[in-house]
Amino acid sequence: MTTEKLTAGHNLTSLQTFLLSEEAKHPHATGAYTMVLSALSLASKFIAARCRRAGLEDVLGSMNSENVQGENQQKLDVIANEALIRALGSRPGVAVIASEEDEEPIVLSRDTSGDRPYVVLFDPLDGSSNLDVCGGIGTIFSILQHDRRTSRVEDSALQPGVRQVGAGYVLYGPSTVFVLTTGKGVQMFVLDPAIGSFLLVNDDVRIPESNKMYSMNSANLGECDEAYRDYVDWANGEGYSMRYVGTMVADVHRTLMKGGVFLYPPTKKSPKGKLRLMYEANPMAMLIEQAGGKAYSGTQRTMEIQPDAVHQRVPVILGSPNEVDHVLRFVSK
Ligand code: FDP
């Protein structure tokens, strides 16, 4: 093999190796950040294994209960949430975890005297309404650090997206894909189930600058602001195509890989938007921006929104820079 071929995809690099080599670049690192990411990797392998066996084990269907958002909880929502809490709960560097499934953040430690501990926010199983039909589903996570200006450690969960020190998602599709940013570009890993390792397949994911493709639940168009209807009319006239899975992780992953724009505007039913700022819009915004794209909530850059609640909802417009600009032309009128 020539040296030119020794690039990502040719070298055998696991997520663990990648994290350790990043840690080695920071001589003062304590290893706590690596531990957080390895907990997320472990939990997502556990969730992937349970998803893979769905239909064989009794994990499909509803719990006949609602989560804090009033949404019907699926059995796998609960399994995935527990897996993440158990994996992150055993890591000493984590002070707070906040989940879509739990009303309040869980405080694991109030000791913030040493290194600034981490706050991890997550949607354990995004798109769970696609579960029963064997559609793509995912986990989304956002990592912050304790904000020394707050008096209660749990208030550190309410920081704007620009303060994220890491973000990512795991897509449980035909393969299990782990897409990560630690603020230095975007890396993509694929789970090799034979060896139980996420292997690096792309160490610098870049979103295409344009692609004539939009992704939204167009059944909501009659319920949206006129600007979105005008955009869709314009895009259809320009020969755009539409793709929509109805799982944010799957729709954002396609947008990241192929380009285009993903939209979830405010509707009459969800006047502030449906998607959650802290564990859906912000982590996706960080990934998309790190890959060269743009992410807005209406006319405001998503990551600059000052949050006021862990489960706050926002509109979402994200994707290829030129495609987001087209939408903003209509939205900012
Ligand atoms: P789901 O309700 O299935 O969990 O997070 C909510 C979410 O899925 C996103 O994954 C998805 O993008 C969106 O809702 C789909 O909403 P609609 O069914 O209203 O299109």
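Cβ from N, Cα, C; glycine included.
Database features, via TrEMBL:
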DOMAIN    15-202  domain 'Fructose-1-6-bisphosphatase class I N-terminal'
BINDING   Glu100, Asp123, Leu125  Mg(2+) 1 binding site
BINDING   Asp123, Asp126, Glu280  Mg(2+) 2 binding site
BINDING   Asp126, Gly127, Ser128, Ser129, Asn217, Tyr244, Lys274  substrate binding site
DOMAIN    207-330  domain 'Fructose-1-6-bisphosphatase class 1 C-terminal'
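Comparing the binding-site residues Asp126, Asn217, Lys274 on other C-beta atoms within 10 angstroms of each C-beta gives the minimum for Asn217.
All protein chains considered, the CB of Leu125 (Mg(2+) 1 binding site) has 30 other CB atoms within 10 Å. If you measure from the Cα atom of Asp123 (Mg(2+) 1 binding site) to that of Lys274 (substrate binding site), you get 14 Å. When the alpha carbons of Tyr244 (substrate binding site) and Leu125 (Mg(2+) 1 binding site) are compared, the span between them is 18 angstrom. Fewest other C-beta atoms within 10 Å: among the binding-site residues Glu100, Asp123, Glu280, that description fits Glu100.
For Lys274 (substrate binding site) paired with Leu125 (Mg(2+) 1 binding site), the C-alpha to C-alpha distance reads 16 Å. Ligand 1 lies within reach of Asp126, Ser129, Asn217 from the binding-site residues Asp126, Ser129, Asn217, Tyr244, judged by a C-beta closer than 6 angstroms to any of its atoms. For the Mg(2+) 1 site, the Cβ centre of Glu100, Asp123, Leu125 serves as reference, and the other residues of the chain with Cβ at most 8 Å from it are Asp77, Ala80, Asn81, Ser99, Glu101, Phe122, Pro124, Asp126, Ser128, Thr139, Ile140, Tyr279. Across the structure, Asp126 (Mg(2+) 2 binding site) and Glu100 (Mg(2+) 1 binding site) place their CA atoms 9 angstrom apart.
Per DSSP, the domain 'Fructose-1-6-bisphosphatase class 1 C-terminal' (207-330) is made up of 56 helix, 23 strand, 45 coil. Following the DSSP three-state reduction, the secondary structure of Gly127 (substrate binding site) is coil. The Cβ of Ser129 (substrate binding site) has Gln74, Gly246 as same-chain neighbours under 8 Å, each 6 or more residues away in sequence.
Taken residue by residue with DSSP, Glu100 (Mg(2+) 1 binding site) is part of neither helix nor strand, so it is coil.
It is 11 Å from the Cα atom of Gly127 (substrate binding site) to that of Glu280 (Mg(2+) 2 binding site).
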